[in-house]
């Protein structure tokens, strides 16, 4: 494996439309031979690590290796006359001394009933048998080819040759960048300037595809599998036995699979799948006054932009607003984004195997919200925006079932907007897509929305409305199903409030930072069934992984898709969805005390009373929230706790100080070394100057805290929870717990543990 290879999806592909769809190209930009994986930058600009033998799985096929400098200098193409065939060499196994280059082979030159031998390099006289092209299925290659529309990509280093960020160009030709071949693209930009750019040369790709062009067709079953050793043969061997017993049945299977795939809708993917039916509100670059009816009024995506006639322009969508108007809006065009996704359930998005922990909706329709503080806690959009669960907890947003996630702020600190439009109690009349005759017939043909529901019990939730008309007819009408809207409101109703800054931007790719780092010690505490679900599209599932549940491992790699590679003591490595992992203490087999952190130590050094700090820390711990990550946050919580305690006390009065006074007080406390001690009584704390006795005393105190019951903070912990393995409760407190306070896992059984 080498960087620069041009690839397409292969036999074990299970990654949805990472590549855009079947036949779209990418370039290998990194190889990890030890892990048997390769990082691919697809022509659409996305990159991810794929299997090239890991887990005995192969995700990629090599379409062209000319980009890494492969050439057969003494062999010419007998069709086009190319001197020194570049890339794969195809030799007819029937005719004497007849060779084709890859372009001619894939263009069906020569007799299609003849079998060929494929030579991948010129360094060894080894070949691989392939079947006759006659009867073999073909796929269309698409991506950065001549006539493609492109913009600057991942490895761009050419300043503003293109006219600036967000401008487009037209690929005029694919050329050689010697000593590699077919490895650069000549582009004419909108500003009239033309330059050449890397397309695989040394593993670099300067461009990304905005509108793909065709690169002709290829025979999928004739290509080498990236990372796999094929059966080799001499040039004189016949291929009839192999063809009859193995390749022809496999080709038929591939053909059947191709037919099935062709029936699937090819969706343009950014952070969410773009489909008609998505319910939207105005977004960050809105400049269209009140076409929507006003801030918070809802509309439906009716059409996705494309180059086809009667469609919106590319990187645009048409929206039917609930007030009945229809217009076109930008979702990336001119680097502008006019819309936010309020609900994508009407377009068919749902999260199978997940249920809302509040309303119990299963599967969760539309966007899924997962608490980042509590173990395995999920909300549907309705419950999330209705302020269910703790508002001080941050959440992960999952826009679709791909398990791509984005972290959003705390709801407590966020503002809300009221959604309005076609919701329960709205007064409506027939709208732009009405096709239901005179069902609404009356002197005043209006109706009342009774409920929002799925259309015809389909998977597109929230895509229809039940209406009671003035004439007492009652029927269901489309409000988003397949992008159709049969109604418009006469009087809008409230759909509740939403957190505007928490919604996905339609058409824009968003990314959250990974919460793990190289070197972190982690553990998977999920059961097998749930882990299998989490691993889908994130490295996959191997049965042997079950043996490593609840074992500690070390993070050794984080790939471009933020999947985590964990190394275990026996040398085994597994790829994990980061949702499946939790950080653990790297220094001890006991559960780490919540007081044992750098943040806590720094706050104690400022002079705060240990009991005050411990009260706040263990309150946060018992609520299942994440530890404090900054001194400022912990100090603020301590002040809040002290203020709350003082306001409830009738015997003690305190002076309320301003924020500036608090800052001065904090500084003074840091100088004096103890809270509540005047400067004349100050005790200087210098951790670096601790005596040996002080160090031993501190270690002894920390050990006692580690062994302390984290519930009552009095007795020693002696009960280990199964299956998570946490030892944090005494023999009195454990009986009151259903979930482990450390990881929020369900406690299935317990073990009495004795610590010497």
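Cβ coordinates come from backbone N, Cα and C, glycine included.
Curation does not apply to TrEMBL; its annotations are automatic.
Since this is a predicted model, take the numbers as computed values, not measurements.
Among the features that TrEMBL reports, compositional bias 'Low complexity' is placed at 645-658.
The feature compositional bias 'Basic and acidic residues' is assigned by TrEMBL to 661-671.
The average per-residue pLDDT of the prediction over the domain 'MIB/HERC2' (1-66) is 93, rounded to a whole number. Residues or ranges marked as domain 'MIB/HERC2' by TrEMBL: 1-66 (among others).
What TrEMBL records for 72-124 (among others) is domain 'ZZ-type'.
For 136-213 (among others), the entry in TrEMBL reads domain 'MIB/HERC2'.
Here TrEMBL flags 266-345 (among others) as domain 'MIB/HERC2'.
Here TrEMBL flags 351-403 (among others) as domain 'ZZ-type'.
As annotated by TrEMBL, domain 'MIB/HERC2' applies to 414-493 (among others).
Annotated domain 'RING-type' per TrEMBL: 709-744, in sequence order.
Per TrEMBL, region 'Disordered' is recorded for 645-678.
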Recorded stretch that, among 1-66, 72-124, 136-213, 351-403, 414-493, has the most CB pairs under 8 Å to the domain 'MIB/HERC2' (266-345): 414-493
Composition by DSSP (helix, strand, coil) of residues within the domain 'MIB/HERC2' (414-493): 3 helix, 36 strand, 41 coil
Within the domain 'MIB/HERC2' (266-345), residues counted as helix, strand or coil by DSSP: 4 helix, 31 strand, 45 coil
Tally of DSSP helical, extended and coil residues in the domain 'MIB/HERC2' (136-213): 3 helix, 42 strand, 33 coil
Counts by DSSP class (helix H/G/I, strand E/B, coil) across the domain 'MIB/HERC2' (1-66): 4 helix, 30 strand, 32 coil
